[in-house]
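Sequence annotations record features per position, and here TrEMBL assigns ATP binding site to 99, 100, 101, 108, 112, 113, 114, 166, 227, 236, 245, 246. Annotation source TrEMBL lists Mg(2+) 1 binding site at 112, 114. According to TrEMBL, the Mg(2+) 2 binding site annotation covers 112, 114, 166. The feature domain 'Poly(A) polymerase nucleotidyltransferase' is assigned by TrEMBL to 20-213. The feature domain 'Poly(A) polymerase central' is assigned by TrEMBL to 218-362. Taken from TrEMBL, the feature domain 'Poly(A) polymerase RNA-binding' covers 365-431.
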């Protein structure tokens, strides 16, 4: 929470407001050049569709307005069926709240909306999944309607006039739901079941984040940039052990607290500066955790031994406080730490005028990065079964990563969050196939030739887990298969299109030309034959010509 410092500043000046759990690192105001860099940052993001136009924004508002009226109408109908007096029905209320990227003001073109239906105490959860679901079904503007009642956070998913909506439900211990209801107060959680508390958590966390940042507009623009960067660099996925939207939002919010007067260009640079040097597993906190005496489980490593093993804790600011990065593994933390350092080096270049913002959003070449990969393939015989199957498989990929990390010969297992369609050569004609790729780094061991690394157990243990889970929830159908295969980099062309696995030829040619010119300009060597160098090129006098050897190694490695 923002609060004034207790001490007055020298000269009797009013103190700067204090945000977060520590004082700011810098209160420096933005310079003209910072505003210019921020304008360039906005321009660099526009081609990626991160900003909606006015028409699209108004369409979302209109859809949410219709949905809000729809909810009020349904709650009034339910109230009548439950024999409430007319005077109570007229003011029973009901409301739609939004959370996630839309509520934060950082949603992209075509993004879905996370929403919450809040109802008074006489409306049951079963009413929401039965009568409200049926009411939605009758509405002509609503398509692709499906309910997921047994999920950890139960949800109804649908498209309303072209906009995808995930709608949660919470029943409060109130007689009516006024339009001005504020969900931030902890007392609202009293006497609620755990599913309602979980459903409310998204809204409460989002609202608290917005309340805890010094400047909402600077926060929003910075968060848009960081989310785009994380997606482009392949580290945006809570499910796969990277960070999800709320975690990135909290890291950006903490940066804003530490530099409260900075604009977006500066904040993006400071974000990388702060988190490239952060000493994990020290937690990121936006405010001091508070105990509301509601006896709900909260993240606290002093009380909960399991919390001490979290690798990259980022703690939600609303009660009950939770670690939003529970899925982070040693590999994903290593990968993200490397990306923070790379982001710092790129933004250093940008703010020194040596590079453009577009460089920050360049994707890495994942398929050139490792010598070994695991190809994970999920297939099904119908499109409907395939969609259901890949949802389960993807949710369990971090189990495979964990198995690989525990293998004594593996240093790192890097899963690419993007899935790819199966190639025609590697599937039956009528199957629907998705593939994921995991880059592997093996430990360097002595006598490596004699070491035979067997991944069979790690892979079998994972596939058994997936099949067992599918059986337990009655999902497994004929034709649903999962396979994991170890391949070398040179075999990737069997699974992927050439443009994804080929090296960038331009870079190779430029590098070769540079080496060649370097050799030609050296006093102690004579360039005689371009392709390949002659034996005379390797020697100079009585010993080997070092420059010639460098050229040869570079030349042949580029050809391989």
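Our numbering is plain: 1 for the first residue shown, then up by one each step along the chain.
Positions of Cβ are set from backbone N, Cα and C atoms, glycine also.
Cβ proximity to the Mg(2+) 2 site centre (mean Cβ of 112, 114, 166, cutoff 8 Å) flags the following additional same-chain residues: 100, 102, 113, 115, 157, 164, 165, 167. Across the structure, residue 114 (ATP binding site) and residue 166 (Mg(2+) 2 binding site) are spaced 5 Å apart at their Cα atoms. Calculated from their C-alpha atoms, the gap between residue 166 (Mg(2+) 2 binding site) and residue 99 (ATP binding site) amounts to 10 Å. Residue counts of the domain 'Poly(A) polymerase central' (218-362) by helix, strand and coil are 74 helix, 6 strand, 65 coil (DSSP-based). The average pLDDT computed over the domain 'Poly(A) polymerase central' (218-362) stands at 96. Fewest other C-beta atoms within 10 angstroms, among the binding-site residues 112, 114, 166, are seen around 112.
In the domain 'Poly(A) polymerase RNA-binding' (365-431), the DSSP tally of helix, strand and coil residues is 30 helix, 17 strand, 20 coil.
Considering only the residues assigned to ATP binding, 99, 100, 101, 108, 112, 113, 114, 166, 227, 236, 245, 246, the longest pairwise Cα distance works out to 20 Å. Around the Cβ of residue 101 (ATP binding site), the same chain contributes 107, 108, 111, 114, 227, 245, each under 8 angstroms and 6 or more positions distant in sequence.
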